[in-house]
Amino acid sequence: MTLESMMACCLSDEVKESKRINAEIEKQLRRDKRDARRELKLLLLGTGESGKSTFIKQMRIIHGSGYSEEDKKGFTKLVYQNIFTAMQSMIRAMETLKILYKYEQNKANAVLIREVDVEKVMTFEQPYVSAIKTLWNDPGIQECYDRRREYQLSDSAKYYLSDVDRIATPGYLPTQQDVLRVRVPTTGIIEYPFDLENIIFRMVDVGGQRSERRKWIHCFENVTSIMFLVALSEYDQVLVESDNENRMEESKALFRTIITYPWFQNSSVILFLNKKDLLEDKILYSHLVDYFPEFDGPQRDAQAAREFILKMFVDLNPDSDKIIYSHFTCATDTENIRFVFAAVKDTILQLNLKEYNLV
């Protein structure tokens, strides 16, 4: 064999190998594209206590295996701790707001509850049960509860404190609603994947408090949709981290930052205006115009208030071509979330199919 023919032979082998590698790469790219279409990443964003973790719990109930008896048992201690935390917050606020107890015995009850180390609470027994019940029924504590926007109190405080008898029964097992209302601040990142119509939806919940947000950065790749939660009821509340900053202003600032991030240029944005039930209660006595003077709608009108808040957020979008999809929600209401997420899923799938030129 001549040198030329040997070289030609080697060359054709190299070309073959190169073609094979190229074909492999093309195949892998097609597979990646198909797999990317099969797994959609949904990033749940919003400030602290906007309802992100509750939303994930609902996905587990609606699209996952829900909560077994064993799972619910795991929440018992957390329900007890939420009760003590709520009452301790109100006892501290009684002093700060200089509100007096109506019944003398409640001074001693307050001392008893205040000295409890919440982290160590594992049970809910006497004398704590009657102390908390008696305190909750004190007109002073009720006045303090009505002024809760002036300090930090969990949204589920009234839900649990009004049901102390049931929760204190021996062998108590938390209900699904008890589980949905448990407040545990999210630290770090929680992922919840679920399968829908042969597509994996990977929902990622990141902590909303300021200290948690710096951990978000690596979640930003390949995000199909941003699901941004706003608590409608926060228009008159201040931040956990800073008691002279309005929570809704903080939420607006975060939303503005998120929708202008270059990472999210190709991600759809879905805005959940959450806690609509709390807004309906609160709007009757706390006027939106006192916190947002530009509001010129009627007072005590939840519909006008929520439309104004929606417009405030949508107006932050600088890109007229980018549609912001919005829904009013109540994250603790399973049927409401089932209905809303069905619409959201259709939106996400349609947009995703468009991106892959499949429609």
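The backbone N, Cα and C atoms fix where each Cβ goes, glycine too.
Taken from Swiss-Prot, the feature S-palmitoyl cysteine covers Cys9 (among others).
As annotated by Swiss-Prot, S-palmitoyl cysteine applies to Cys10 (among others), with the evidence given as similarity to another entry.
On the 0 to 100 pLDDT scale, the domain 'G-alpha' (38-359) averages 92 in the predicted structure. The domain 'G-alpha' annotation in Swiss-Prot covers 38-359, and the record cites sequence analysis as its basis.
Annotation comment: Swiss-Prot describes 41-54 as region 'G1 motif', evidence class sequence analysis. Sequence-distant contacts of the region 'G1 motif' (41-54) (same chain, at least 6 residues past either end, Cβ-Cβ under 8 Å): 154-155, 180-181, 183-186, 190, 201-209, 212, 216, 219-220, 222-231, 234, 239-240, 247, 250-251, 254, 258, 267, 272, 274-275, 329, 331-332, 348.
Here Swiss-Prot flags 46-53, 180-183, 274-277, Ala331 as GTP binding site. Less than 8 angstroms from the CB of Asp277 (GTP binding site) sit Cys330, Thr332, Asp333, each of them six or more residues away in the same chain.
Note on Thr186 (Mg(2+) binding site): other Cβ atoms within 10 Å of its Cβ, all shown chains, come to 18. Residues or ranges marked as Mg(2+) binding site by Swiss-Prot: Ser53, Thr186.
According to Swiss-Prot, the feature region 'G2 motif' maps to 178-186, an assignment based on sequence analysis. The residues of the region 'G2 motif' (178-186), classed with DSSP into helix (H, G, I), strand (E, B) and coil, number 4 helix, 0 strand, 5 coil.
Marked as region 'G3 motif' by Swiss-Prot: 201-210.
What Swiss-Prot records for 270-277 is region 'G4 motif', and it gives sequence analysis as the kind of evidence. Per-class residue totals from DSSP over the region 'G4 motif' (270-277), listed helix then strand then coil: 2 helix, 5 strand, 1 coil.
Feature annotation from Swiss-Prot assigns region 'G5 motif' to 329-334; the stated evidence is sequence analysis.
In this structure, the C-alpha atom of Glu49 (GTP binding site) lies 9 angstrom from that of Thr186 (Mg(2+) binding site). Around the Cβ of Gly46 (GTP binding site), the number of neighbouring Cβ atoms within 10 Å comes to 24. Most other Cβ atoms within 10 A: among the binding-site residues Lys52, Arg181, that distinction falls to Lys52. Tertiary neighbourhood of the region 'G2 motif' (178-186): same-chain residues 48-49, 52-54, 57-58, 67, 71-72, 75, 78-79, 82, 154-156, 159-160, 167, 205-209, 212, 331-332, 334, selected by CB-CB distance under 8 Å and a gap of 6+ residues from either end. The shortest Cα-Cα distance between Thr186 (Mg(2+) binding site) and any of the binding-site residues Gly46, Lys52, Asn274 is the one to Lys52. When the Cα atoms are compared, Asn274 (GTP binding site) and Ser53 (Mg(2+) binding site) turn out to be 12 Å apart. Taking only the Cα positions, the spacing between Gly46 (GTP binding site) and Ser53 (Mg(2+) binding site) is 11 angstrom.
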